[in-house]
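Accompanying notes for the structure given below.
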Amino acid sequence: MGKCSALMIFLSSSLLLVLQTLHVVNAVKCFGNSFNGNSSTFAQNRQKLFPTLADKVIINDGFYNASLGQDPDKVYALVSCARGYDQDACYNCVQSLTQNTLTDCRSRRDSFIWGGNDDVTCLVRSSNQSTFGSVQLKPPVVWPSPDTIESSKNITLFKQQWEEMVNRTLEAATKAEGSSVLKYYKAEKAGFTEFPDVYMLMQCTPDLSSRDCKQCLGDCVMYFRKDYMGRKGGMASLPSCYFRWDLYSFHNAFDNVTRVPAPPPRPHAQEKESCITVKKGKSIGYGGIIAIVVVFTFINLLVFIGFIKVYARRGKLNNVGSAEYSDSDGQFMLRFDLGMIVMATDDFSSENTLGQGGFGTVYKGTFPNGQEVAVKRLTKGSGQGDMEFKNEVSLLTRLQHKNLVKLLGFCNEGDEEILVYEFVPNSSLDHFIFDEDKRSLLTWEVRFRIIEGIARGLLYLHEDSQLKIIHRDLKASNILLDAEMNPKVADFGTARLFDSDETRAETKRIAGTRGYMAPEYLNHGQISAKSDVYSFGVMLLEMISGERNNSFEGEGLAAFAWKRWVEGKPEIIIDPFLIENPRNEIIKLIQIGLLCVQENSTKRPTMSSVIIWLGSETIIIPLPKAPAFTWIRSQSESGAMSLSDDVFTELSCR
């Protein structure tokens, strides 16, 4: 029975992965000017033209360009199938994609969709302007594999071999050999040191020049590489080209492809012992040489240590600013000298104060080499004790992502516990979003970029990093903004490390900020990635409204937003500075925010779903239900505690 259950789980998981992959590959992108639905002349012309495309592409050697109607409602369509296509497979592929376009892009004039089935890839592209012979490099569609490369793999070696494969495939795909459908296409199969086989496919529409094709494919690779280099495969496409790679064969594209073998291992030293002659008739083998070198090195090391001790006694090392330190897991970081930090901050001068948090004060510092840093000096008795200090040092040392603040090092001399971060010039998000004057600087484009960046940072913590981390204190004051207003998630003192297969944990030690804490965490100490999703939802609603979560007496922002949503008036909560921006896009974010603050944690999305929703104009997003109103219960239970008070307590045993 156990084996049968395990088999059913495996088959269900495999089927789900296949369905996800097919959905990913067949994602239509709608863009450009809008029109008035199916009743418009443009829509009617498109509905007449599209049903003819599948037949036409077959009799035109796999590539067909057509138009129908008169300007300004003229419809242009371009259809293509890949090299070596099966006619039935090509026909079915084009039929499916034209239907997807008609369904998903009812009110947009421009669209493209690269898709496929088991036997072929194909493209359906349409516009109200001629696209033939012109490369189009926006908008991109990028879909990564949901699986990440295991930390046990040699990632550096994998990236090197992956880049080499990209270059080979790109060069071959853009040689423009053959007739229409044979041009600008290359499928390659290669062995990697860390994986048995890697499959890669690149394709452009055959109406382009070789130069345009190379630029287009290069951009596709760039879009994938930028955010998803650690994934086990993925796809990136533009209206004029298509790039996909995976660890398994796809689209029947590799049956007749010769496998490029994995590069040979680096040559080792010859096992045959070589000799060095020292006297006639005598020689020393490598074993003897190694013994001599070891003894010589050991003597030099003793001499060096002696010099260090002598100079240390004379005080010659007092001006050393930092030293490398290794924790119990072998992770290296910098331990800064307290005197150097005191000098950098002008003895923690109030003029250098950047901000005040629940656990300490942050100062700006400048090292003698001109490097600017942010110095967080923990307040004694603040609640962030040794455990939280060591936790933040240990976690941030292992994390590297453009949307996470970078820890440069630490200092723990005497009673002082200090963290040294990269300096982020624009302070934290709360200084902008809740300031009447500065909020106007947060345009719709800037806010969207901040929201998306925070989401990507959380996705990295939850799924993409070598560790699995729950932040537990996500709020606007813990989001720093760099010079270009890109967000960086900060303050990992209360973060919780999960095992790779762990999805949920319980704690008696509750730490965070009331109003941002998920109900199951605040009331029962239950922690999961969905706890961070809840906090993200509250913060997203703050970004849209420009109001603090505690600005609405007795109910909170989520409750207020939900009431307006039910009334059909979600625009009431929109910040007046955003009124002139695309209403549908802003309301979509309100919908996502409400989904993130659902009372039942299983009803909240994952951060990967949030990323997909943010980047798609066509995916149907679920409708939210009433969100959690934990602050109403919490206020009645704990008296006058504010919605924004820091919480650092322990649940009593029951």
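Each residue, glycine too, has its Cβ placed from N, Cα and C.
Per Swiss-Prot, these features apply:
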- D473: active site, proton acceptor (ACT_SITE)
- 348-619: domain 'Protein kinase' (DOMAIN)
- N38: N-linked glycosylation site (CARBOHYD)
- N65: N-linked glycosylation site (CARBOHYD)
- N128: N-linked glycosylation site (CARBOHYD)
- N154: N-linked glycosylation site (CARBOHYD)
- N167: N-linked glycosylation site (CARBOHYD)
- N256: N-linked glycosylation site (CARBOHYD)
- Y421: phosphotyrosine (MOD_RES)
- S477: phosphoserine (MOD_RES)
- T513: phosphothreonine (MOD_RES)
- Y521: phosphotyrosine (MOD_RES)
- 1-27: signal peptide (SIGNAL)
- 288-308: transmembrane segment (TRANSMEM)
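A separation of roughly 11 Å, to the nearest angstrom, links the Cα atoms of Y521 (phosphotyrosine) and T513 (phosphothreonine). The local packing around D473 (active site, proton acceptor), expressed as other Cβ atoms within 10 Å of its Cβ over all shown chains, amounts to 25.
Listed recorded positions: N128, N154, N167, N256, S477. The one with the lowest count of other Cβ atoms within 10 Å of its Cβ is N256. N167 (N-linked glycosylation site) and N154 (N-linked glycosylation site) have their C-alpha atoms 20 Å apart, to the nearest angstrom. Averaged over the domain 'Protein kinase' (348-619), the predicted model has a pLDDT of 87.
Put simply, D473 is the one of the recorded positions N128, N154, N256, D473, S477 whose Cα lies nearest to the Cα of T513 (phosphothreonine).
Taking CA atoms as the reference points, S477 (phosphoserine) and Y421 (phosphotyrosine) are 16 Å apart. Across the structure, D473 (active site, proton acceptor) and N154 (N-linked glycosylation site) are spaced 33 Å apart at their Cα atoms.
In sequence order, Y76, A77, L78, V79, F132, D207 make up the list of same-chain residues 6 or more apart from N65 (N-linked glycosylation site) whose Cβ falls under 8 Å from its Cβ. There are 26 other CB atoms within 10 A of the CB of Y521 (phosphotyrosine), with all protein chains counted. Between N128 (N-linked glycosylation site) and N154 (N-linked glycosylation site), the C-alpha separation comes to 48 Å. Neighbour counts of Cβ atoms within 10 Å were compared across the modified residues Y421, T513; the minimum falls on Y421.
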